[in-house]
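Annotated features in Swiss-Prot:
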type    : residues : note
DOMAIN  : 3-147    : domain 'Globin'
MOD_RES : 18       : N6-succinyllysine
MOD_RES : 45       : phosphoserine
MOD_RES : 51       : phosphoserine
MOD_RES : 60       : N6-succinyllysine
BINDING : 64, 93   : heme b binding site
MOD_RES : 105      : asymmetric dimethylarginine
């Protein structure tokens, strides 16, 4: 049995099918960089990150956020094997980029906030609980190489 029930998978997939990856990805990554400014050190090549407005309107932040959420979408297609789905990204972030694995958990929590903002009442407590499990599972899978 996987970490999500069939009902939870249905809730996650149902909401995710409505997500605008371009918009939500850029907003989630932008919020991560604003709320947790120490994460900006991994994105110094992105140009102006001097203020919340600069970050949220930064084209490179938006593009990378889209890339992150496209990877997240691919992972959802392999929800019962997140470790396998994210193995290469775990290796990249650990061995080459040296990203603190705690940042994966932070980004997951920011993503949940952004989804709640975008979907309002549709993002009810059951949907949130399912997504919290998913983002925790993705963070764990991305951190796997670190252990």
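From the backbone N, Cα and C atoms, a Cβ is placed for every residue, glycine too.
Among the modified residues 18, 45, 51, 105, the ones whose Cα sits within 10 Å of the Cα of residue 60 (N6-succinyllysine) are 45, in sequence order. DSSP gives residue 51 (phosphoserine) a coil state; it is part of no helix or strand. The two recorded residues, residue 64 (heme b binding site) and residue 18 (N6-succinyllysine), show a Cα separation of 20 Å. Mapped onto three states, the DSSP output places residue 18 (N6-succinyllysine) in coil. The recorded positions considered are 18, 60, 64, 105; of these, 18 has the fewest other C-beta atoms within 10 angstroms of its C-beta. In this structure, the modified residues under consideration are 45, 51, and the one with the smallest number of other Cβ atoms within 10 Å of its Cβ is 45.
When the modified residues 18, 45, 105 are ranked by how far their Cα is from the Cα of residue 51 (phosphoserine), 45 comes first. The DSSP secondary structure for residue 64 (heme b binding site) is helix.
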